[in-house]
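Following: one structure in structure tokens, then a few remarks.
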Amino acid sequence: MIEDPRLVQVQRKTRLRLLFSGVTLLFYFSFSLNWMNLGSFLREPIGDSVINGSIVMFVLLILGFIAAEMIFMLISRREKY
Amino acid sequence: MVRVLLLLIAAGAHLPTMAAGGDISGEVVRQPVNPMAIGMFLVFVALTLAITWRASKSTKTSASFYNAGGEITGLQNGAAIAGDFMSAASFLGITGLIFLGGFDGVILSIGAFAAWPFMLFLFAKRVRNLGSYTFVDVVSERLDRDRIRIVAVFGTITVVVMYLIAQMVGAGKLIQLLFGLPYELAVVIVSALVLAYVAFGGMLATTWVQIIKAILLLTGVTLMAILILVQSDFSFDTLLRMAGDSHPRGEAILAPGVLFDDPVQIVTIQVSMLFGILGLPHILMRLFTVPDMHQAKLSAFYASLLIGYFYILLLVIGFGAAALLYNNPEFFGIGGEIIGGSNMASIHLATALGGDILTGFMSAVTFATILAVVAGLTVSGAAAISHDLYAEVLKQGKPDPVTELRITRITVFVIGIVAVLLGIAFEDENVAFVATMPMVVAASVNFPILFLSLFWRGLTTQGAIAGALVGLVSSIVLIVLGPQVWVSVLDHEAALFPYNYPALFTLPLALLVTWVVSKADNSERGVIDKQNYDDLLIRSELGET
């Protein structure tokens, strides 16, 4: 049985979608570490400032998610379909 | 005690209510009439009504009513999504939470923002390619269209009605706070304006109301953030030190743990917000207002940029409120409580930073926020009834266009009247659970159907219906047994279920039931459902018909 080449391409794209979603989901739920003992290091101030890892993580997550979207869009543009 | 916060958050439509621990307090106290705020709001109303008048000329068919003719660009739609999304709850509620409890308040920000990458990765292109006007179009593509439409429409109507109640009650309370207008008058004004926008201008007018509101809100919060940073010599570290010095809890507010101490509670909020937003019908509907799949993806991306920018600024504004208000007795009553409740923190901050002009501007923008959200909900509710039920189920996809548009407009008026009646009826009720329910139902009913129909070959109609019903029933039961109803409404001493947001449990349950029933489904229809998947997959990516 010869599989539709479009289907193969679309299935590959589906895996890409799920990969990006899985990684993003992992980072998203990692934010709950801030409220766990496991993530106590995040609550420590950085250097001499009062800015701690929790605040930095919040900002980095937002910027990181936007960066992930940009990468996803760039990969999508290069694809045939 | 938490009621005012809950109402305000409900007013935002996209953030869940939360039973924050700690000392959140503040009853709704009608404030003196604010002529500056009313004047600025009237300017906004005049501008948006002019746009509606113009939009009404091109809203002649159901298609133009539901999706603005599909002529909105990605940037415009992204701004409209952001306008729909950056709510009164975000601005007032999150700022108020950070003012009270510091870092813990940002859990709502990250929850609200994170849905957008998923919207881009999973839904934007596929939903746009497969649907016409609503997400129900998408899920009915490969399943038994009549049965799944009825179930999905029920999910949509449940979400829309619950949101409308929460919106109207929240709007009435907010406008009492911000403008000094009576509750009933506020509810009627909101409904009348939304009826004008939606009935005559449809999705086109709604879109522009949301775009204008987004621009105004982003301008306002940017200005406030700059004025705050001026006070700390543009040093965020200095700002945090000032907040820690001023706040009664000191530098403890800079780290997690002041309002929340249970990680499971945090995860329940995260699950409800992320998957709830991905299942909100009026948000998904915006993907159909653009001409093609590329613009749909751009919509989600631009929405992310604007919403991310907004939430980062809220961090500055929230800690700015803590830094600048606690030491200023002008904003506190005789008993030491902040005037109007903690949710007025951002408005008081506007007063501290920019006097009456900035206060009036931010109050007017907040009112505009409510209008934008209610307008989006009304369009979604009208489309569910006139398109999904009347045109697609009753008329089997072949309705008379004139009759369909007439029914759409009648539905809009009915929704407007129902909204006023519900708003007044629920004025003195504890509506916290009403505001929670849409997010949990959207996460447990709409999201699983939509996600599995796009990404799982094995889904069958029977499985989807069983999963949706289990998701709906379990959501309602666990919310009733939870603190918001069992304790706050029914006055029991302790809740039978400890969390306000059961989506952490109801979503997996709905997925499990869907999987089991689909696997066991050997019916003829089940075989067709599975065979339809490859064709749907190709069309969802390539846009072919």
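Note that Cβ sites are derived from N, Cα and C of the backbone, with glycine treated the same way.
Those TrEMBL annotations? Automatic predictions, nothing curated.
The following features are taken from TrEMBL:
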SIGNAL    B:1-19  signal peptide
TRANSMEM  B:37-56  transmembrane segment
TRANSMEM  B:77-100  transmembrane segment
TRANSMEM  B:106-124  transmembrane segment
TRANSMEM  B:150-169  transmembrane segment
TRANSMEM  B:175-199  transmembrane segment
TRANSMEM  B:211-230  transmembrane segment
TRANSMEM  B:266-288  transmembrane segment
TRANSMEM  B:300-326  transmembrane segment
TRANSMEM  B:361-386  transmembrane segment
TRANSMEM  B:407-426  transmembrane segment
TRANSMEM  B:463-487  transmembrane segment
TRANSMEM  B:499-517  transmembrane segment
Same-chain residues at least 6 beyond the ends of the transmembrane segment (B:266-288) whose Cβ lies under 8 Å from its Cβ atoms: 14-16, 18, 66-67, 70, 77, 80-81, 84-85, 107-108, 110-112, 114-115, 118-119, 122-124, 127-128, 131-136, 155-156, 159-160, 203, 207, 260, 296, 299-300, 376-377, 379-380, 383-384, 436, 438-440, 442-443, 445-447, 450-451, 499-504, 507
The transmembrane segment (B:300-326) versus listed stretches B:211-230, B:361-386, B:407-426, B:463-487: most Cβ pairs under 8 Å: B:211-230
Stretch contact, the transmembrane segment (B:361-386) with the transmembrane segment (B:463-487), Cβ-Cβ under 8 Å, 3+ pairs: no
Any contact, the transmembrane segment (B:211-230) to the transmembrane segment (B:77-100), with at least 3 Cβ pairs under 8 A: yes
The transmembrane segment (B:37-56) vs the transmembrane segment (B:175-199): 3 or more CB pairs under 8 Å: yes
For the transmembrane segment (B:499-517), distant same-chain residues with Cβ under 8 A (at least six beyond the ends): 16-19, 264-265, 267-269, 271-272, 275-276, 432, 436, 439-440, 443-445, 447-448, 452, 458-460, 462-464, 466-468, 470-471, 474-475, 478-479, 482-484
Chain residues in Cβ proximity to the transmembrane segment (B:175-199) (below 8 Å; excluding those fewer than six residues from its ends, i.e. six or more beyond): 28-34, 37-38, 41, 45, 48-49, 52, 168, 205-206, 209, 340-341, 343-344, 347, 363, 366-367, 370-371, 374-375, 378-379, 382, 409, 412-413, 416-417, 419-420, 423-424, 427
